[in-house]
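Enquirer: Checked TrEMBL, it gives:
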{"type": "BINDING", "residues": "His287, Asp325, Leu326, Asp353, Gly354, Asn385", "note": "S-adenosyl-L-methionine binding site"}
{"type": "COMPBIAS", "residues": "481-501", "note": "compositional bias 'Basic and acidic residues'"}
{"type": "DOMAIN", "residues": "198-468", "note": "domain 'SAM-dependent methyltransferase TRM5/TYW2-type'"}
{"type": "REGION", "residues": "45-76", "note": "region 'Disordered'"}
{"type": "REGION", "residues": "481-507", "note": "region 'Disordered'"}
Amino acid sequence: MRILWRPFEFSRRLLKVKSCSITESEFLIPLAWTSLTQKLRKASDISLPGQRKRSSTMPEIETNERDSELFSPPSDVRGMTKLDRTAFKKTVTIPVLKVKKEIVNKLMRSLKRAALQRPGIKRVIEDPDDEENRLIMLDPYKMFTHDSFEKAELSILTQLNVKPQISKYNLELTYENFKSEEILKAVLPEGQDVTSGFSRVGHIAHLNLRDHQLPFKHLIGQVMIDKNPGITSVVNKINNIDNTYRNFQMEVLSGEENMMTKVRENNYTYEFDFSKVYWNPRLSTEHSRITEILKPGDVLFDVFAGVGPFAIPAAKKNCTVFANDLNPESHKWLLHNCKLNKVDQKVKVFNLDGKEFLQGPVKEELTQQLGLSKERKHSVHIVMNLPAKAIEFLSAFKSLLEGQPCSRELLPIVHCYSFSKDADPAEDVRQRAGAVLGISLEACSSVHLVRNVAPNKEMLCITFQIPTAILYKNQTMNLEHHEDPPVKRQRTDEAFSEEKTQIASNT
Ligand SMILES: C[S@@+](CC[C@H](N)C(=O)[O-])C[C@H]1O[C@@H](n2cnc3c(N)ncnc32)[C@H](O)[C@@H]1O
């Protein structure tokens, strides 16, 4: 799964029409509408009633453009830093068609083009002057006079004995009727970017606000809570993740201070305190990609396990799992999540530095597992997801094991993550990993692009089998002829460039 730069969601609450009265029932082009039509004339290449031929179809204006014209909050909310919902009240004039209530359903099917299309606003409302009638709200950007109806629409109106006479209706819009993007666009300085991406972690929306948005941070937080059902807390990242445990320093902008949360990822449940551990919903695809590679019976060593998003699915797949994290909070929640997902019998959990884990429990288990190589059919995988540093930890594999080497197909497969800002990120990661091991990984590794982290910064995963000469003491193997790589390089690079294009277009 990828969480993308996603505009704030539109409130799913339904609009309540607060005041409604027909103010005129003659054919119209009232003054307010004249100014609107003038704007429209400027805004697009649109013909106006009376100027176009009856048979022509009125070109449509982009939805966003249309909404920003009429359905935007009042201009005096600009600069508001403390949210005052009452200041968002506004009355707009909407064209309506008065019809008998019995024919509404029949008619609506034929008036799809002409009807008002605005989420949250009812298209059919009661006529306050006559309970036998209904008012069909029409699109104020298309429908001006009877002349705005198309031939087919006029024909159905005639069949149903409805006069194609358009009236005006005063509709009161309130805070509830505006999308969060519209609210923030109206409040923040004109022309400034308001579409903030956010990651959702359970009930928490996690923002990364830019400088010009900071004076409005509490208002932005409140609007996000109002407009996104299920979000009850909004936090802003206040540093880059550069601390050891990779958790964010964050400020609660609005809503609950409680950072204890529960998330679902790939059908597993994780609970943790988001202020104390690492969790990134943008890694769910990567977690499932690795899980897919594993086969029942395989052994997984998860060196930087966090709260368990590789370890738990692997254990559910009947792999034997050894999961480790240095952060005592991650360790605590990892244990908890293993129980929560009923895999605590299949996961051995450690709270060690990655290097100690590799040189201690991993070495011990590998010695045992690979020593049984004649009977073994299963693979051993080592996942190292600490992209800023994991490559350095590869040195722990050098001469880790002693004695008679296992057969080559049983050598452990490493999946090591790294960031790269290089113009050729795959090559950069291959070279850096190879340099730590003292070998060339050119012909015997694959590199997978995980995600684009920032402009010119990629997260990648390099996968390779640890060569015998590296893993075992006193081995002299010609590393240049380390044959039969797990994935051939050529395929990898093609796949990489495809993935890169795909991910870039998704980001
Ligand atoms: C990027 S997170 C990955 C967590 C998890 N694997 C995931 O995919 O969500 C890296 C994890 O490594 C842990 N960590 C950082 N330094 C470590 C070290 N030296 N040894 C072991 N774990 C470490 C952090 O606490 C964090 O949970």
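Cβ coordinates are placed from backbone N, Cα and C, and glycine is handled just like the others.
On this model, are these features tucked inside or out on the surface, and what's nearby?
Expert: Of all Cβ atoms in the shown protein chains, 19 besides its own fall within 10 Å of the Cβ of Leu326 (S-adenosyl-L-methionine binding site). Under DSSP, Leu326 (S-adenosyl-L-methionine binding site) is assigned to coil, being neither helix nor strand in the three-state scheme.
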Enquirer: Which one of the binding-site residues (Asp325, Asp353) has its C-beta surrounded by the most other C-beta atoms within 10 angstroms?
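Expert: Within the set of binding-site residues, the most crowded position is Asp325.
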Enquirer: Given the model, what does the mean pLDDT over the domain 'SAM-dependent methyltransferase TRM5/TYW2-type' (198-468) come out as?
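Expert: Across the residues of the domain 'SAM-dependent methyltransferase TRM5/TYW2-type' (198-468) the model's pLDDT averages 94 on the 0 to 100 scale.
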Enquirer: Tell me, how many other CB atoms lie within 10 A of the CB of Asn385 (S-adenosyl-L-methionine binding site), whichever protein chain they belong to?
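Expert: There are 26 such Cβ atoms around Asn385 (S-adenosyl-L-methionine binding site).
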Enquirer: Who sits close to Gly354 (S-adenosyl-L-methionine binding site): which same-chain residues at least 6 apart have their Cβ under 8 Å from its Cβ?
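Expert: Val303, Phe304, Asn324, Leu326, Met384, Leu386, Ala390, Phe393, Ala396 - these are the non-local Cβ neighbours of Gly354 (S-adenosyl-L-methionine binding site), listed in sequence order.
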Enquirer: My understanding is the cutoff is Cβ-Cβ under 8 Å with a sequence separation of 6 or more in the same chain; which residues meet that for His287 (S-adenosyl-L-methionine binding site)?
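Expert: Once residues fewer than 6 apart are set aside, His287 (S-adenosyl-L-methionine binding site) is near Glu265, Asn266, Pro309, Phe310, Pro313.
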Enquirer: In the three-state scheme derived from DSSP, which category covers Asn385 (S-adenosyl-L-methionine binding site)?
Expert: coil
Enquirer: How big is the S-adenosyl-L-methionine site in terms of the longest C-alpha to C-alpha distance among His287, Asp325, Leu326, Asp353, Gly354, Asn385, in angstrom?
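Expert: Largest Cα to Cα distance for the S-adenosyl-L-methionine-binding set is 22 Å.
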